[in-house]
Amino acid sequence: MALQLLIHVALLRLSATAGPSVQGRDFRTPAVAWPSYFDLNWPQEVQETIQIPNNGSAPLLVDVRVFVSNVFNVDILRYTVSSMLLLRLSWLDTRLAWNTSVRPRRAITLPWDSLWTPGLTIQEALWVDWQDQSPRARVDPDGHVDLYLTLTTETNCDFELLHFPRDQSDCNLSFYALGNTALELEFRVHAVNEIVSVKREYVVRDLKTQVPPQQLVPCFQVTLRLQNTALKAIIALLVPGEALLLADMCGGLLPLQATERIAYKVTLLLGYLVFHSSLVQALPSSSSCNPLLIYYFTVLLLLLFASTMETVLLAALLARGDLRAKSGPSPTPRAEQHGHGDSEPNPEGAPRVKGSRRSQAEAADHVFFLVYVVGVVCSQFFFIGLWMWATCKSDPAPGKAVPHGGQPRL
């Protein structure tokens, strides 16, 4: 019987010339015409080889080894990540065993569509590119089958960006065998990190695997822990923002009556508005747990706006006082002139008075500058503490918030 089955398998190898058609997100059987072993005149043993092996009352155990060779194109704006994987699937199919004393061969290779193979679908995948369109399975004399699948895929990932650019996220790749039930098939999975390149903005810090319990269909999950190196974001975002804030504080040292101060402040504010508009496009947004940098740069914008408005208002107040002094100087009493005989008249012909608008505006400007510096320093320490200790838990996904079979919420 085993020898007859091997003869049929050899005939199948000659007839299976078409490769698999990979569509969507799974590795499936071909959409072309099947070989002639679907003919009912063929022996029943050959037709059964494309059915899942019977393991008695226990499900068939498939050992899966996942080799992660590369992770690239991490896009936090689209919440996607691309990866390259090599899957090694091993299982026991006693129907393919043969007697080595009759046929002394150590192993044979068969086309993937001439025997049963688990069809895999990646739940989070946007697209999957299977590198080998016609993989071949290696069969040992005792019936052990090894199948290697190489793929490149782009998947969705729920990035945790609260502490961006020092964020760390777990990206899942869930493989489902939709053609079988949990009573027929069971996975035992291991993962190996074979990434040799570290010249990435996001690096893989950890690699975990698990088999989720209580699933209707067999599945296993590979979790990639990605960490941002933060160098690009620090140079492109934090350094320009801090430089503009420091330049604004230095602008407060200019005299209030200097006309260059208003132009200096307005130029800084306009420059920061341009920087902030590009920043909004560069930073990701989310329905929950948005990056703290969004709030940080918004506070910086409000500080620059308050500083510019203070300069404009006090300069307007000072200019209005000077205009009134020029248009109609009030006479000074004699007694006051004798009491301040050592005071020299100002260029406009009016004497200096301690309670003039100029002195009041300069005093208010000095007080505002001190309060502004203290506020800026305190805000920096506040955000540093918030950055270190703040936590946020994202809202559960709609598919996880309501149990399967529950009533939908309107």
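From the backbone N, Cα and C atoms, a Cβ is placed for every residue, glycine too.
Database features, via TrEMBL:
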SIGNAL    1-17  signal peptide
DOMAIN    52-199  domain 'Neurotransmitter-gated ion-channel ligand-binding'
TRANSMEM  230-250  transmembrane segment
DOMAIN    254-324  domain 'Neurotransmitter-gated ion-channel transmembrane'
TRANSMEM  262-282  transmembrane segment
TRANSMEM  294-319  transmembrane segment
REGION    327-356  region 'Disordered'
TRANSMEM  367-390  transmembrane segment
Sequence-remote partners of the transmembrane segment (294-319) [C-beta within less than 8 Å, at least six residues beyond its ends]: 237, 241, 244-245, 248, 251-252, 256-257, 261-262, 265-266, 268-269, 272-273, 276, 279-280, 283, 285, 357-358, 361, 364-365, 368, 372, 375-376, 379, 383
Distal contacts, the transmembrane segment (367-390) - CB-CB under 8 A, six or more residues away: 162-163, 166, 245, 249, 252-253, 292, 296, 299, 303, 306-307, 310, 314
Tertiary contacts of the transmembrane segment (230-250), as residues 6+ beyond its ends and Cβ separation under 8 Å: 164-166, 201, 265, 268, 271-272, 275, 279, 282-283, 293, 296-297, 300, 303-304, 307, 372-373, 376
Averaged pLDDT, computed only over the residues in the domain 'Neurotransmitter-gated ion-channel ligand-binding' (52-199): 92
For the domain 'Neurotransmitter-gated ion-channel ligand-binding' (52-199), residues assigned helix / strand / coil by DSSP: 6 helix, 76 strand, 66 coil
